[in-house]
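Input: a single structure, listed below in C-alpha cells.
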Amino acid sequence: MAIDRRREAASGGPGRHQPPAEENGSLPPGDAAASSPLGGRSGPSDGEIQSLPPLPAALAAGGPHSGCCGSASAPSTLLLDYDGSVLPFLGGLGGGYQRTLVLLTWIPALFIGFSQFSDSFLLDQPNFWCRGAGKGVAVTDRWGAGDMGNWSGPPATTTSTAAWGAASNRSNSSDAEGGDMPPLPSPPDKGDNASNCDCHAWDYGIRTGLVQNVVSKWDLVCDNAWKVHIAKFSLLVGLIFGYLITGCIADWVGRRPVLLFSIIFILIFGLTVALSVNVTMFSTLRFFEGFCLAGIILTLYALRIELCPPEKRFMITMVASFVAMAGQFLMPGLAALCRDWQVLQALIICPFLLMLLYWSIFPESLRWLMATQQFEAAKKLILHFTQKNHMSPESDIKGVMPELEKELSRRPKKVCIVKVVGTRNLWKNIVVLCVNSLTGFGIHHCFARSMMGHEVKVPLLENFYADYYTTAGIALASCLAMCVVVRFLGRRGGLLLFMILTALASLLQLGLLNLIGKYSQHPDSGMSDSVKDKFSITFSIVGMFASHAVGSLSVFFCAEITPTVIRCGGLGLVLASAGFGMLTAPIIELHNQKGYFLHHIIFACCTLICIICILLLPESRHQNLPENISNGEHYTRQPLLPHKKGEQPLLLTNAELKDYSGLHDAAMAAGDALPEGTTANGRKAM
C-alpha cells in the first residue's frame, strides 16, 4: 500500500490532489509562483524587512481571474517592478514633471478642507427666541398688542427664557474628522420647553459669523430640529456611497476619468445646493455633493501615493493633510467674510472650477497602467514623462523601453475589489484596517462630546470659536505627532501606539471618572466635581489626539498594502468605514444623546480588539508598493521588533513551510524558486 501511494504521488494521481484555483482563500501553485518581486534594495540589512526574491511569474496581474483574457504567459518582471525599475528610469521625484503633479494633488486639499468642515457653519444650531419677546428679556414683560400674533400658547406658561427652544438641549458635536460643532450653553432657567416652542416667528443669534444659515432660513428648531441631523446625514451618507462606488470604478476605468467627472458633478450639485428652496432639496443635493467629493478625495489620495517612491510616500501624504487642515482653520474667516450661507456654499465650490484644467495637464496613473498591462498607453505616457523631464533614452539602464516594446500586443487585465475575497492574507489586512478606521473615527465623537458636552462646565468651551479651534488644534498636533512616531516606529508600530493611547483614554474615562464621582460624594474624600471635570477634559483631549491619528494612519496604511490593481477599491472600503464611524455622531444627536454611554462602551471594546488585530498586519515602511494581488499576498506579517544578529528568527523558512499543512500545495511551487534560508516574510535566517 505504501508503494502504491508513492507511485500515485509521483504520477500526480489521487495521492497528489491539486486544489482548484483560490479555493478557501489559498492560491494554486501557478498563482503562488506568479509573484513578481516587491522590489527593494539588494542585500540584506540588519533590522530591515527585505522583499522576496524574483519568482518566475506565470500570472502577472493577479491570476487568471483578472478581467480580460490575455496571453497565457506573464509580462516581464522588469515592467511589473515599478518602484525598482520604471520609477528610477523616470527620475523618481527628482523629475520636475513629477514634482508638478504632486503639487497639483496638494492644491485641491484646501478646497476639500472647506467642504468637509462646512457643516459646522451651515448647520450650526443658533440661539433663538420668539420674535418680539426680546433676547434674554421676560416675555411676559414684552408682550404688547402687536406681539401677540407670534404666540399660540397662553402667556401664563412662558418664562423669561422663552428665547431657548428645545433644540438648545441637544449636543452639537458633529463628525469625527475634526469639525465638531460645539454645544449651546444652557439657559439659566429652561422653563417649559413645550410652551417655549409655541411661536410662529423666531429671531436668531448665529454664532458662526453668518447673518443667516440653513437653520435660521427654514426655522429648523423645536419640532423641526430633527431635519438638521438629517441634513448632516446626507453629506456623510453621500461620502460613504461615493467611496464605495467610485473606488471600484477607478480600478476599472482609471483614476483620471473618475477625478474629472467628480469635479464636473460637484460643481453642478454644489452650486445647486446654494439655490435650494427648502431643506429637503438641500439635504438631497448635499448627498450628491458628498458622493462627488468622495470621488475627488479618493482618486487624489491614490494618485499621490502612486507617484511617490517608498521613502517619500508618508511625508507627501501628510503635507496634503496639513493643507486640508489649513482649510479648516480658514473656514471661520471665510464665513465671516461671506455673511450668508448661500454665498459661503458658492464660495466653497467655485474653486473646483480651477480643477477643470486637470483634464489637459494631469495624466493617468502610470503605475496603474503598468499594473493592468495597458502597455500601449503606458509607453506613450513614459515618452511624455521623458519629454517633460528632458531625459535622454540613454538613461534607460535597465532596458525598460525595449521590454515594453515586446509587450505591446498584450490585452489589459483589470481586477475588481471583490477578487480580494479569494485571497489568504490580503482580505484580512483590509478588514483589520476597516475596523481600525471605524473605531478611530467613531470614538472620536465620544471624546469630543465629553470635552464639550453639557456635563463639563468650562467657560472657555462655551464659545463656538474656542470649541472649533480646540478641535482643529488637537487634529494638527495629532498629525505632527504622527510624522515623528511613524518615522521611528513604522506604520504598524505607530498605529499600535496610538490605538493603545485611545484605549487607555477611553477606559480611564469610563472607569476612573465613575470611581472619582463616587468618592466625591463623601465629604472627607477631598474630591469635588471640578476634579472630575478636569480629568474628563484631560482624557478627552488625549483620546481625540490618539483617535484622530488612528483613523488617518489606517487609511494611509491601507493605501500602501493594497495592490495597485485594486488600490482605489481597498481605499474606498476603509474610507467608507471611517464614514460609518462619523455617522454615529448625528445618530446619537438625533436621539437626544440617548445611548451615548453604551455607544462609548462598544467603541472602547473595539479598541481592545484592534490592538490584538494590529499585530497581524505587515510593515510597509521602505517597501515597494504591491502591484498585483500576488504581490499583496506576500505582504505577510513580520516580527514587531527586529531580531538581533545571530538570533534564529521564529518564522518558518520556506523549506519548513512545505510541511505546514495549511500551505502545503501553495508553498511547493513558491518554495522551489526561493533560497532555502528565506522565511515566509521575506527575511533570511541568520
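Residue numbering: from 1, along the chain as shown.
Just so you know, glycine gets a Cβ as well, placed from its N, Cα and C.
Unlike curated entries, TrEMBL annotations are predicted automatically.
Residues or ranges marked as domain 'Major facilitator superfamily (MFS) profile' by TrEMBL: 158-621. Summarising the annotation, TrEMBL assigns region 'Disordered' to 1-56, 166-192. According to TrEMBL, the transmembrane segment annotation covers 233-253, 258-279, 285-303, 315-337, 343-362, 468-489, 496-517, 537-559, 571-590, 596-617.
Within the chain, the transmembrane segment (233-253) has long-range Cβ neighbours (under 8 A, six or more residues past its boundaries) at 119, 175, 262, 283-284, 286-295, 297-299, 302, 414-417, 565-573, 575-576, 579-580, 582-583, 586. With pairs at least 6 apart in sequence, the transmembrane segment (258-279) and the transmembrane segment (571-590) have fewer than 3 Cβ pairs within the 8 Å limit; the two do not touch.
Across 343-362, 468-489, 537-559, stretch 468-489 shows the highest tally of CB pairs under 8 A with the transmembrane segment (315-337). Same-chain residues lying 6+ beyond the ends of the transmembrane segment (468-489) with a Cβ under 8 Å from its Cβ atoms: 120, 178-180, 182, 314-315, 318, 321-322, 325, 328-329, 332, 448, 451, 461, 497-498, 541, 544-546, 548-549, 552-553, 621.
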